[in-house]
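Novice: These came from Swiss-Prot, pasted as-is:
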BINDING   K258, D263, D281, E342  Mn(2+) 2 binding site
BINDING   D263, D340, E342  Mn(2+) 1 binding site
ACT_SITE  K270  active site
ACT_SITE  R344  active site
Amino acid sequence: MKLDKNKIQISIGKNPSKTFYKLQLLLKDHFPENLKTKFSFQTASGIFTGENGQIFTDEVEKIIYLGLGETSKIKIRGVAQHFFQFGEKLKKWEGVGLEIHLPKVLTNSLSADLVVYQIVNSLEQGAYAINVLAKEYKENSKKIGNVSFILQDAAKLKEAEKGLKRGKIVSRYINGVRHIAHLPANHFTPEEFVSRSKEIAKDNGLKITVFDEPQLKKEKMGGILSVCEGSDKKAKMILLEYTPVKPITKKKLAIIGKGLTFDSGGISIKPAQDMHEMKYDMCGAATAIHAIGAIAELGLGVPVIAAIGVAENMPDAAAIKPGDVYTAYNGITVEVQNTDAEGRLVLGDVLSYVGKKFKPDYMLDLATLTGAIIISLGHEAAGVMSNSDVLTNLLKEASISSDERIWEMPLWEEYSEDLKSDIADIRNVAGRAGGSLSAAKFLERFVEPGIAWAHIDIAGTAWRKKTSGTQIGNGPTGYGVRLLVDLVEKIGKKK
């Protein structure tokens, strides 16, 4: 399964399209004098004053004016969020382009690199249709016009070019996550995960290793194997390895992803309402394989491993049952009291395998693991639980620069108390209170000593209904790709 190309041709300089709109970005407190006269009626009546999000279109001159509010309050998420709509417009405009004029005050307040990077991401996501199985998708695909950037401050051109190059690469992988995440389980199976991973490996010269059922049994990966027992789709573990041509550090990062292509809950079956959304339970794994693709294509100088466990959780006569006990890869026995807490079973085996085999300096996992994290943080941030202040701080720095929000949650020992089992070493659930935190404590049992590890619960950020900042709404977001790219850059710079 190949990764789609970028939907828009984007450049810096005069727009090459035959017909295009100019998009003029305006700061409320830096309104050009000529426009004050031109918009005297509009400003007096409040129709257009440059407030953040206000739009006024001059159809005669084909100029769109977009207000960004006051300079002192401007943030990149407040700029980028407006460009999803322009990506959507380009999709419908039949070849009409967009020439984006960036004022000097904007590229002085925020770096030209960052502004162009995040605008490109928003445009590409807005222009990327996810209704790929619809008849109208195949019949109504239109030519998308060119986009170009004009900078008022010519001294910022190199910065802008850097952001453009980075944005083109990263947005392609974000849309790659969104594409496969939105596919239903009958179109995207564990086998399709293998196919997609092979394409990413081929495109970027990555080493790939696939563990099918015989290898999983040989390695005694009881967690992954127990989850798939009720499905006719066999589980897989997929490893991707990136070795930079010019490494800038010996520190190694491992990214682990949960890949449940469908989660019915198994015998502990979920309610029927909204169960269709459980096709999104593979977003952690989707992010892991696309993030390493972006990291490799950008040529970042940090060695990275991406490892994902993929399976389907279904009820069946052969399915694992509440009360069953299995032995994990690291020898721990686990009592499964709830088969709907299955993601941690898969992650446990992958975490312990990667820790023992690769001995990474840093290791993190991304998973749509608990509904409890949505109760805590809503859809605005992922929860982070870590055994390492160093890794947590690196993630916080990456979160700020990427605008993919995280929030640190505690990993206190008390949260593991209720994981005790009366028949096995540990049980897989600990009750409703602090559910995200006890889930993280469960995973911690599978992390090798000495490894800086963080668990990132993306249940609230992996898909959403409403756009917010740099996160697109109405489906999967591709959350985590930008965060991980920036994290790798931070690791590379760390002394």
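Heads up, the Cβ atoms here are built off N, Cα and C, so glycines get one too.
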Novice: If you count other C-beta atoms within 10 angstroms, which of the recorded positions K258, K270, R344 is the most crowded?
Specialist: K258
Novice: In the three-state scheme derived from DSSP, which category covers D340 (Mn(2+) 1 binding site)?
Specialist: coil
Novice: Using other CB atoms within 10 angstroms as the count, which residue among the binding-site residues D263, D281, D340, E342 scores least?
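Specialist: Each of the binding-site residues D263, D281, D340, E342 was scored by Cβ atoms within 10 Å; lowest is D340.
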Novice: Whole-number answer please: how many Å between the C-alpha atoms of D263 (Mn(2+) 2 binding site) and R344 (active site)?
Specialist: 13
Novice: I need the nearest neighbour of K270 (active site) among the recorded positions K258, D281, D340, E342, R344, using C-alpha distances.
Specialist: D340
Novice: Other than K258, D263, D281, E342, which residues of the chain come within 8 Å of the Mn(2+) 2 site, judged by Cβ distance to the Cβ centroid of those residues?
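Specialist: For the Mn(2+) 2 site, the extra neighbours are V227, G259, L260, M278, M282, A311, N313, G343, V346, A367, T368.
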Novice: According to DSSP, folded down to helix, strand and coil, what is D281 (Mn(2+) 2 binding site)?
Specialist: helix
